[in-house]
């Protein structure tokens, strides 16, 4: 599948997009890709939502020479779980990102130089609201599905709360409606690693180069928490890297840190990590119960048994509360040694789960039943 | 209990102490404390072994005005698990430490300034061998018990392998015979945090002051891995600190990092963490089976169910292998929300386990039975 990166730009005069922190952008650009075609009723769209370090390039190749396809390629294409013969699949880079959508590295037209840390504070709802602007621009009338893992899963769930009538189903994977203090703590380490680096220059480094050591260390911290001890034992155990004299696992972390610096911006990392830390889906509505009662979508949460950051128990609890409040929630679990990153790797488990869920949703809707009737059968089965 | 810090010093002429890396010290000092009295047969000694950030001050107060007693005070004293009315309890700061025993901050007499990173590479066996020198100096003929958690547990187990006839029983807690790659990876983050700090000055910082930001971050990384999500949820959840505007868990980490800089040396941290990473109890003996067959002590390993670094399963496996090889191993588990640090906190569980084990060991020996007979009863019960 050969795909193309696209951009949607608008000025303040065309659309005044204001963050919840109160900042209205003079100009906004959204980088996105689409796979498949929008149908006549404009209601066959699926929105794929990327994680912290992801981008709009979810599937396919830009050129036949590309070494690697998009980050969720095995999920997206003809006959795949997100079947591009049936669905119009869309993925965009998040607000605040550094991969084509307006973020800290973008030019601030008001000052004639990049925002850097003068970029406004953003949150997960801002990301979702900008995605809605993009979908309106593309003419999408309804989402069949919003799906994503980790930070992408936070957005998927937020879609169901912010635009309850626009989205039929959501699949938040390896994620949460609010980070646990352990995940906040790990993210804080990454923030400190970057801010401690003198090359960060209080965020004003763009003309000098990245705070490479700090950003690399932040990524190394993240990388450990996205994996598992079992995986490290299988891959490295205590083997020594003959080139570096370090443990293989140490060289592996160095490599991940260094390559991240080449493709990701340090301030962007700070903005996105803070957006994750501060996200609490119930903030605008007072209580989680009131928030949950807004949801009309069918919800499938998928956990990963070895996830160090997003615990299956917490996800199961969320689904129980959703169902107690009259919602339509299911929970499935991936068994994997990959840890949190399993949602980017274990497609043999993920694909059939998502496929079955999508087919089930269509079957219910085609039969004229509503989720509420259907839901009785599995409500107490979590 | 009022206690006193003591020092034992010797020169190369008196005792030539050589590290496994081949360095012979001109002078060595060992900081230690003792609680209780050595009996006439000089065989009632218990050696307490501290963890990475610990020291020789395991119990009691230096003055009645002290805010806090030693780090394992609830375990040590009259009538406590390590009963000072029966036992002569000894704790010393490890080789390479910064709390009174020769380490990177000590004066290197050959160059007239502190070692810094010219300190020789040291390992867990070196620590144990220096403890043996101290015990010889104190006239101890036999250890009833060597006990400790984390890095202290690595030493306790090493005691059973290096000096099999000198130690009747060992209790390694929340520890391992070799670190798993996950624990190595977390330790490596701490190493990078320090070495990334320009104030570290390639290790040559002693006349300028500590690499405070790097050492603080290293401690913050460690602190998370010593705790648990459940603990953080109970203590902080997502509450905000009114003074800092940060999440409470973030301010808590900052506080732990900053206070660590005031009491611990960065190079010492690097030396001890590397000693832990590189430790593999079987290294001198080729295979774990051959190593394990050296052990004559009764071994009680104690795991913690929420430990993020030292997994109960790995400890249980070690004990199974020990018993298969004809050893005398038992495994007990502390159930706690405290994570790895439970061995420094959950004394209500730890004390009775250790007390019962010590009494059991004495009972077996007093009855003239040997561990081998006794062991049959629990060998297959792990």
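Every residue gets a Cβ built from N, Cα and C, even glycine.
Listed in TrEMBL:
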DOMAIN    A:45-344  domain 'AB hydrolase-1'
ACT_SITE  A:150  active site, nucleophile
BINDING   A:219, A:341  substrate binding site
ACT_SITE  A:307  active site
ACT_SITE  A:340  active site
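Here the features listed in TrEMBL are painted onto the structure.
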| residue | record | DSSP class |
| --- | --- | --- |
| A:150 | active site, nucleophile | coil |
| A:219 | substrate binding site | helix |
| A:307 | active site | coil |
| A:340 | active site | helix |
Residue A:341 (substrate binding site) versus residue A:150 (active site, nucleophile) - Cα distance in angstrom: 9
Nonlocal residues around residue A:307 (active site), in sequence order (Cβ under 8 Å, 6 or more apart): A:174, A:339, A:340, A:342
Residue among recorded positions A:150, A:219, A:340, A:341 with least C-beta crowding, 10 angstrom cut-off: A:341
Confidence summary for the domain 'AB hydrolase-1' (A:45-344), mean pLDDT rounded: 97
